[in-house]
Structure formats: C-alpha cells, structure tokens
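What follows is a set of notes on a single structure, which appears directly below.
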Amino acid sequence: MGSSSSSRNKIPNAQELMHQTGFSSAHLLRLHDRFESLDRDNRGYLSPDDFEVLGGLAMNPIGGRIIEAFFSSGQDTVDFSSFVRILAHFRPTDRNRNKEGTQQELPSSRTRKLKFAFQLYDLDRDGKISREELLQVLRAMLGLQVTEEQLQSIAERAIQEADLDKDDAISFDEFKKSLEKMDIDTKMSVSFLK
Amino acid sequence: MATLWRFTLFLCMLLMACGGLSLASKEAKTRNTQTETGMASSSNTTGEGGHGGAPITTLPIVTWKWDHISVQYLVALWVLVCWLCKLLIEANHNVTNYIPESALLICSGFILGGMIWGADKVQTFSLSPTVFFYFLLPQIILDSGYHMPNKLFFTNLGAILIHAVIGTCWNAASLGLSLWGCHMGGAMGDLDIGLLQYLLFGSLMAAVDPVAVLAVFDQVHVNEVLFIIVFGESLLNDGVTVVLFNVFDAFVSLGGGRINAAEIIKGIVSFFVVAFGGSLVGIAFGILISLLTRCTKNIQIIEPGFIFVMGYLSYLTAEMLSLSAILSTTFCGVLCQKYVRANMDESSVQTVKYAMKVFANGSETIIFVFLGISAIDKVIWVWNTGFILLTVFFVFVYRFIGVFFLQWILNRYRLVPVELMDMVIMSYGGLRGAVAYGLAVLLDEKKIKEKNLMICTTLIVVYFTVILQGITMKPLVMWLKVKRAAVTEVSLLEKITNKMFNHTLVAIEDISGQIGDNYFRSKWRHFEEKWMTPFLMKPSARKKQDDVFDVFHQLNLKDAMEYVTEGERRGSLEFVRNDSAILDFKKKLESEYTEPDIPPYMINDHGAMFTMGRDHIPSVSLEMHEQTMKAMRGAEAVDVHHLLDQHLYKSRKQYRHGFSRSDFKINRDEKEVQEIFQRTMRNRLESFKSAKMGVSPPKTIVKYSKKEQQEKIPNGKSVSKTKLCHSGDEDFEFSEGDSASGYDSSYPSFSMRATYRPGGGIENPAFVPDLYPTDLLQEIPPWLAESESDSSMVAPSLRAQANLPNSPMEMRRLGLLRASTRSTDTKQMNNDQLPSPPTSPPPPPPPSGQM
C-alpha cells in the first residue's frame, strides 16, 4: 500500500471510492490505468464511443445495454468514480469480512447486483420489466435461432412466471423473488475484481 | 408389507436354486477343465447328458443340456439375483433413508456369499478383475461421462485435476511410505513386503471410487460444487491410480536394484502419456460418435446402439494401447453428449439416456453385491491386525490432510472459496471401492507374497469406507449444515437472466480490460460455434441448441402434461370447452380468454381434427379404424384426450415422417449468421448512439418492411426480408393478409398442408427447406443484404417471417394451450398421421375459426 500511495494521489478521492466500492487500492490503480487507456483523448471522462471501440463489446449481444448502464444517469460521459462504481457491482460478494461492520451496502451485495441486472432489462427505467422490454432482451440474445412468435411466447411465459401482482410486468421485487434460488454471487462476479 | 414378505420368500427360493446351480456349475466347470485337459473318460463317467457323451441308442426327445448354457445361464441368473436384491432393498424406504443402498447391497452380498459357502464349502463366485474391468466398469464410466454436467465439470476442472492427480499421488505415496515406516518400526510383525510393494499397495488404495462415491452422494444431495469436485476427482483419479499401479507393478517386477533415475523418469513420462493419450483416444471417439450420429437418421432404430458400441470401443481401444481406459471413456462421453443429443432423434436420446442408466445402475448393483460375496472366502482372510488397522487409519487420515491442504491452496484462486465444512465432506467422501479391489486381485502372487493380506485389507477398507462412512455421511452432512443442493425448478426468467449474466460478465471483462475465465469461456464458445458445431452437429439440430428455448420447451411440455392430466382428471372433454378450466390452467391471461371467439375456435379446431381422424383412416389399417371407431363411439372424450396427449405437444425435435424428412437442407450459412449478427449489433450500437434507447423502431421501418413483403413473397423471396421483420404488434396485424395469400399462391403443390399452413407447422424445421430453398439465400449478394438490413432493428429469424401471417391468432392459441408451437404441429402431425392414399378425398378446408 505504501508504494502505491504516491500514484494513488492521481486518483480523485480514492479513499472515498475504496470505502464505497470495497475495492483495494491496487484494484483502483489497475482500473484507473484501464480508464486512462480507454480515455484516448485524456479528457478525464469516457463517452459511449470509447466503449464501442472495444471489439468484444460489439460482438456482445447485450453490449449496448452494458454500455448504457454506464451512462444511466442520463449524461453522455462517465468519469472515473462512476466507472469504478459500476464495475464494483461485479466484485464477488464479501462474505464475512464486512469491514468495521459498515451498515452501508456495498455495490457487490446481492441486492445491488440484482438491481444492476434488473436495470439491464428495464430500459425505460420505470421500475418494471414490461413484456416489450423482455422481448428486446430475448431478441438480442436468442438472435436468429428462434422465431419471433416463439420469442413472444417465451416472453409471455417468463413474465407470467414472475409476475405476482398480475400487472403484466415484472417489478424489481418480483424479479428478486423469482431469482431467489439463483447463485447471484457467483454468476455476477468477475474473479479478477476480487 | 405382505408383498415384501412374499418377495423375500421368492428371493430365498431363487437363492436356493442358485445354490443348487452353483454346485452344478462347479461340477460343470471341473468337468470342463477335465475335458479340456484330455481326461475325456472321467467326464463321461459323470454322465448327465451333453453332446459328446456315450453313443446314443435311441433318439432322445428331450435332453438335459446344462453344460451348453451353464455359463450364460449363471451370468443371467446372477444378474437377476443382484437386481432382485436391489429391488428388495429399495422396497424398504425407512431403511434406505439411513443406510445407503451400496452398503445394503454389500450386506446382501454377504448373505448370498454365506449361502454359497454353506452349499459349496468354497467360494465359487467372486468378482474377477476381467469381468469387473471389461464388463461392469465401462458401463458406469460411460454413463458418468455421458451424463456429466459439462459446465460444472469444466468450471471446476482445475480443482478436480489437482485433487485427482496430486491428491492421488499424495495418497499413494503417503500410505505406502507410512506403512513401510511402520513395518520397519515393527508394528506388523513378520511380513514379506518391501518398500516397492508398499508403494504398489498404496497406489491401488489411493483412488476414490466413482461407483461408491456416486452411490453415496446420489442419496445425500450435497451442493453441486462439492459434488462435482468429489465425483470428478473420483472419475479422473482412477486413470491416475491405474497408471501408478502399472508403474509400481513394473518397478516391483524390475526389483529394487534396477530402478534408477532413468526408470523413474520413464515412469513419470508414461504417467502423462497414459493419461493424456487416454483422454485423446476418448476425444477421438467422441468426435467419431458425433459424426456418426449425424448420418444415422435412416437407421433410427439402432441409433442409440452406436453410442454404446463406440463408447465401449473407446474403452477397449485405450486399454489396447495401454492408455487410461477410464479417462478415455469419460472424455468420450463428455465430448459427445452435446452433439449426440442434438443430432439424434428425441426418442433415441431418451433411449440412450435410460438404457445407459439401466446398464450403469445394473452393473453398479452387481459390483456391490459381488464385493459382498467376495468377502465370504476363507482363503483371502489373512489377518494382520497391525497392517489392516494402520491401513484403514492412514487411508482416512491422509485423505483429510491431502484434501485440506490442496483445497486450501485452491481456495486462494477460487471466486467462491469452498467452505471448511465442504472440505470435511470432501475428505469424508473419499470412498474406496471396486476399482481398488479389482486391482488388488490383479496383483501377481509370485511377486507379492502377501497378496491375500492385501486383498483382505482392501476389502476391509472398502467396507469401512462404503458402509461406515456411507452410513454416517448423511448425518454428518446434516450436522455440519453443509449447503445442500437446492431443488431447482427451472424458470424461464432465471434462464434468461443467467444467459444475460454470462454476456454481462464477458462485457465487463472487456471493459475492465482483463482476461478472465469468462473471456476464455466466451472464446471457447466462439470456437465451438465456429468449428466444432458445424462439423459435428446436424445443420437442422444446430438451430435448436439454445438453452433458453430448451427450457421454454420443457416448461411447455410440462404444462401440457399437467393440462392433459388435469383434463383427464375431470374426466371429459370439458376441459377443452370449459372456460373456467382454461382459466384455471392459465391463470394470468384472463383478458385473452374472455374473448368470446376463443373457446369456439378451440372446439372447432379439435372438432376438425376429430372428423379428419374419422374420415381419412386409410384402408390399410382397417382394423385399427374399426377399433378407433368403436372407441370413439364408446368414449369420444377419452379419445380426444388421447389424441391431445399423443399429438398435441410433440416436441419440435421430432422428425416428421414423410417427404421432408429426407431433404434436410436448412443451411443457413453460418458465416451469414455471424455477419447478420455483427451487423445487428452495430446497428444497435448506432441506434443507441442516436436515440439513446432503441425501444421502438421508427415508423419508416415498418413501412419499408411491409412494402418488401408485398413485393417479395409472391416469388418466394421472403428470405431476404427476414432481416427486416420485427415484432411490433401492429405490423403483425397489418401484414397478415397479404403475406398469407402469398404463401398460398407460392406453394400450391402442398395443397394438403397448405390448407393447414395458417395453423402452423411452419416453424417445424422439417418444413423450412420447403419454404426457403437454400439457393435463395445465395441469391442475395452480401451488399444487397447489407443495404436491406440497414433498417433492421433486430433480425429475429428466417422463420419468424413465415409466422407473421397468423401470429395474432397463433398467439391467442398459444395463450390457451400454453404449448406454443407444439399446438400448431399437432394439426400437422395429425394430418401426417393419416397418410392419405391417392384415392382419399382431399382434406376438408380449414376450419373457419382459423383465419
């Protein structure tokens, strides 16, 4: 830690970020490097274009949505701290090392992870996954293999399964409930961000 | 209870018979050997028939030919007896809840062995290594490989390999050395065992046995990560054990003096060659199987057999090349499962699945029973307290040490570390089994003087682990509160989200610029899609291999079953006609059901099928027809239920009988798919840039596509437009009429089907080639496609287009039956099921409810 403290100074309010996200300073440094390499013009922020140059992302069926998630606040740019905050969702969940018993929820908690996933569906941010939104996700991910009609009925079914209050849409609570058994910790975690 | 007693009685009688037969068989055997050694005269004196006996004086009407079939008969009888044991054991649920089946089977083996001993005073039957390694084991291994949960297996492959290789070596070395140490220390008295022999013994004791592990863990239901690590280890380490065993066996033969560094290095090299060579053989056979199943559609009836034969051949081939046969068969199964399942007919897939389970379960049962029987033999019981107790103790302790140490290291690299309690269970699950026994029996008595002591010790270790540890496993799991396997019911949303997570993780790795597991996984998937799948999978199967769709399909099937069962429970057709029943079945779409036209439509639909069924039964099956008629008159409702049950929700994977089965030419070029996909993605990104959210497609697109449809459909070029179609509801409504007419006119030759075309069957793969001849695809130059797709939002599918015409209706029906496309196939199938002879009148026009 001591050795990196000098370079840590480059990162704006690193201490606060570490506290909020649970990243170690080594992680932050690494991410900062990445951030800078993405930010080709050294503007100090990233725009959607910066993401789109990533080859893998263009091939990713929901790449657009992921990018979207970084710009969720309605701005066209994302600065380093928001960048880190988004990525922090993908840290493995801390099990029992809750530092100094903080009551504040880290982004890597189960709920926050779920919330993130939920927002990937919920494009219009109305707090509900409508059938149309689900269809879009399906369409993107199933691509050419399934007919439109099948997609429709899949979406129909998926909504029915989760829809408890019968409003023909999935709210976050319903979403959470229907994924209750799922091992979110493992499935929404990337090992190198540990 | 009464049945149980009756059954026990029956079994006892069988055993008696068996005992008698075993006596006879012994005689037969000795007689045979005598005959073989040329003592023909004595064999004649035993009388009792047989062909080569004394010259006959008169024509015997019946002769006693026990000699001819003795071996086969005994084999069959023993299989029967073993399985009956299992039946008996499984009848007592309250016992199997506490004691694992494997332990009970061994105990019943004790009893059987006792009976034979009582009758013969010598153990006539025991598990011979040949039978075990060449007949019983391969079935189990093939089953484990074929039913391996691949994703789980490969995710944990690192841990599995480390446990299997390093853990097993550690077990072997530590056990051998410690025993040797104790021997030197004088703990065992006077034994003629050297260091190498101890190491040999250690190596045969080292392997955790897949059969035993499966038998116990199957009943405990621990969480899947724990299960796969123990099970995967047990499967792979057999290869390691056999290699170690062979190496040490060779060392023992060489003798201590001639082992130098070169030999040791050779041993290490041979280890890798054997292990990797075996895996490679397995992979080669896996590819062969996959290729073979690509072209077996004309011999569907023996299709499943290929899997077994090839699997067995992979075992034998590896054995022949002195490579690891177990690894070979495992990897063969692991590799081919995906392609086999996609390539073969669904009924064949089911056959393979069940037949494999039958064989594996059957031979597992036999193995355990015979492990019990083998114990009842005075010859092998050489007691040496020190040796036996120390072995049991060391096996137990070193397993713990090895697992904890390795897992402690592995945990540092795991995303989700394995918990301490899980590690306890992993160590405790180190059950030894038949492999160890088989190897012990293989020992050469000339080289190892104390072979019987080793067999005896091995058996004791096996009993100790399988019976004692097996029994205590469940309480231990409970007591330690080990995470159990969640009884998961697949839900669609879960599956979809799961898939989305996968993509998300890859994207996040892309963004954060680091290469992780997900990166490799996605690379592998890419590679598989690009190279393996086109090569190994039927083109027709390729498009179906989507797991979201698969879950959807399964759920639909389940619902359909429930639906039919529910209807049958009510006992009549009512459930078809009854609004409330439908509502009950389909809870959430009330609004759609209350639409007045739906129930009549349904009835019409089935009514039509019904009359069709009556009118067009071909003369060939006149009797059938008669019967059907009777049945219909008798209980029409039941028949309709049957009809529903049989035909309504048939899987899409099932091929159609008929012409289109033979020409599977649905080749969408994979490259084109890729291209479209990429383009779509770019477009999406564009649209994100411009419109932030690409929720609703611009109006212009809709117009464009409509125009296109009108233009193209009549001349059959609807293909090109698939890229355009999207799903706005209004679009569906709008394009319904004209494109439907387009179909009718462009495919007049299918008059029979065309009448039903609106009802569907279109998404049935078998029909796609008819609708979209492949050459049409080629006609669209890439640049043209490019320009056309400019306006596309997301390209759903070629077939989506075909479904446009009747979508709204279709949707509603889907809602009703919750069977999606199956319902549409039904009519089709029904249609096909009534093969129309040339003389038969044309089918009636489609029911009015259809359009």
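Note that Cβ sites are derived from N, Cα and C of the backbone, with glycine treated the same way.
Predicted automatically and left uncurated, TrEMBL annotations should be read as such.
Feature list (source: TrEMBL):
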type	residues	note
SIGNAL	B:1-24	signal peptide
REGION	B:32-51	region 'Disordered'
COMPBIAS	B:32-46	compositional bias 'Polar residues'
TRANSMEM	B:69-89	transmembrane segment
DOMAIN	B:97-479	domain 'Cation/H+ exchanger transmembrane'
TRANSMEM	B:101-119	transmembrane segment
TRANSMEM	B:125-142	transmembrane segment
TRANSMEM	B:154-175	transmembrane segment
TRANSMEM	B:195-217	transmembrane segment
TRANSMEM	B:224-248	transmembrane segment
TRANSMEM	B:268-292	transmembrane segment
TRANSMEM	B:361-381	transmembrane segment
TRANSMEM	B:387-408	transmembrane segment
TRANSMEM	B:420-440	transmembrane segment
TRANSMEM	B:452-471	transmembrane segment
REGION	B:705-724	region 'Disordered'
REGION	B:799-851	region 'Disordered'
COMPBIAS	B:820-834	compositional bias 'Polar residues'
COMPBIAS	B:835-851	compositional bias 'Pro residues'
- Message: Under 8 angstroms, Cβ to Cβ: which one of B:101-119, B:125-142, B:195-217, B:361-381, B:387-408 has the largest number of such pairs with the transmembrane segment (B:224-248)?
- Response: B:195-217
- Task: Might you confirm whether the transmembrane segment (B:154-175) is in contact with the transmembrane segment (B:420-440), defined here as three or more C-beta pairs under 8 A between residues 6 or more apart in sequence?
- Result: no
- Using a Cβ distance cut-off of under 8 Å, indicate which of B:101-119, B:125-142, B:195-217, B:268-292, B:452-471 has the most pairs with the transmembrane segment (B:361-381). B:101-119
- Quick one: do the transmembrane segment (B:195-217) and the transmembrane segment (B:268-292) reach 3+ CB pairs under 8 Å, ignoring pairs fewer than 6 apart in sequence? no
- Chain residues outside the transmembrane segment (B:125-142) and at least six past its termini with a C-beta under 8 angstroms from it: 22, 78, 113, 116, 210-211, 214, 235, 238, 308, 311-312, 315-316, 319, 325-326, 329-330, 332-333, 356, 359-360, 362-364, 366-367, 370-371, 373-374, 377, 434-435, 437-439, 441-442
- Query: By Cβ distance under 8 Å, which residues at least 6 away from the ends of the transmembrane segment (B:387-408) in the same chain are close to it?
  - Reply: 159, 162-163, 166-167, 170-171, 174-175, 178-179, 182, 187-188, 191, 205, 418, 423, 426-427, 430, 432, 453, 456-457, 460-461, 464-465
- Message: Within the same chain, where does the transmembrane segment (B:154-175) have neighbours whose Cβ lies under 8 angstroms from its own Cβ atoms, ignoring anything closer than 6 residues to its ends? I mean 6 or more beyond.
- Response: 199, 201-203, 205-208, 225, 228-229, 232-233, 235-237, 239-241, 244, 275, 391, 394-395, 398-399, 401-403, 406-407, 410, 413-414, 418, 517
